[in-house]
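Taken verbatim from TrEMBL:
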BINDING   CYS247, CYS314, CYS315  Zn(2+) binding site
DOMAIN    11-329  domain 'Hcy-binding'
Amino acid sequence: MGFGSGDPEALMRDFLRELGGCAVIDGGLATELEANGADLNDPLWSAKCLISSPHLIRKVHLDYLEAGANIIITSSYQATIQGFESRGFSAEESEALLQKSAEIACEARDIFYKGCSKGFENHNETKKHTILVAASIGSYGAYLADGSEYSGEYSKEMTLENLKNFHRRRVEVLAESGADLIAFETIPNKLEAQAYAELLEENNTRTPAWFSFNSKDGVNVVSGDSLIECVSIADSCKKVVAIGINCTPPRFIQGLILSIRKVTKKPILIYPNSGERYDAEKKEWVASTGVTDEDFVSYVRVWCEAGACLIGGCCRTTPNTIRGISKVLQKPTYFKTMIRKIYRGLVDGKESAGSEQRVKIVTTRRKVVMMRWR
């Protein structure tokens, strides 16, 4: 169903090649859970639904798959063993809830695949690709539930070892959960990126990962730490197969992609928020500060041209947003040009290690149907 075994970076390249060069990540989970009636005014946020309404999580995953997502992210962003224990759950029960987040996503994928195999009307050929499940890990700031993942200021008080000890068991459980990837999301500072990288190496984690940072100025990560230094940490970790940005206003994304390209040849992922501002005190998004779905989608070509090859949405984006992204990425003439640019960078990386391989792209009227190394 997913990555399988082998070299993680090669598997990610193969996954992207299967899809014609670009993959679609899903959109805001909590946004859609609330739209379906969930009350997330809780320190566990979307992870609350693992306890109270797992059927809603499954429904939202399916909605995003129907919209064209190739990667769905689990509901474990704010799910921590410490957080569940504070609600009276045992360590074993807490770990089971983490496991459950991946199981629900995998179930949704299976349901979607069955729909494809039965030839349901709304399951067309372009959707019959490998679908990956990414197990979400939010920062220590997300566990604090005070909005500090948007500042990263806690890095001044935490030590590297404390952060590693906080995340260690959670990473181990999600790495063995059946998910294809671990998504380290909304990383606000360099210290936490270093903690994640060391954990992956120390644990010899077999499940590949991506690192995704957030920015509020389009230059640095939200703590003020250098984006270049943060990306360098991720780039040096062999377990990391993609690097990028999430939960950041769309207007900053192009410049951030260009900065990331200076440091890494790994695939770049971006899944911005709607551009709305989050009020940490009121624990709500400020209305009328974001962009429409149409405006959001209008950025997609620019982001691809800049070098992104995994694109989706974060907070306040919806299945309509993801549907629009998917449609843009299926357009043939634009797609052909962008894939040449994106894969030129990936192949250059291989050539620097002595490879003389190059990419050949064959297109049809409607989509890229084959890319092969020769």
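Keep in mind that glycine also has a Cβ here, set from the backbone N, Cα and C atoms.
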Original post:
Given the binding-site residues CYS247, CYS314, CYS315, and counting only Cβ atoms in the protein chains shown, which has the most within 10 Å of its Cβ?
Top reply: CYS314
Original post:
Relative to the mean position of the Cβ atoms of CYS247, CYS314, CYS315, the recorded Zn(2+) site, which additional same-chain residues have Cβ within 8 Å?
Top reply: GLY28, THR186, ASN214, ASN246, THR248, TYR271, PRO272, ASN273, SER274, GLY313, ARG316, THR317
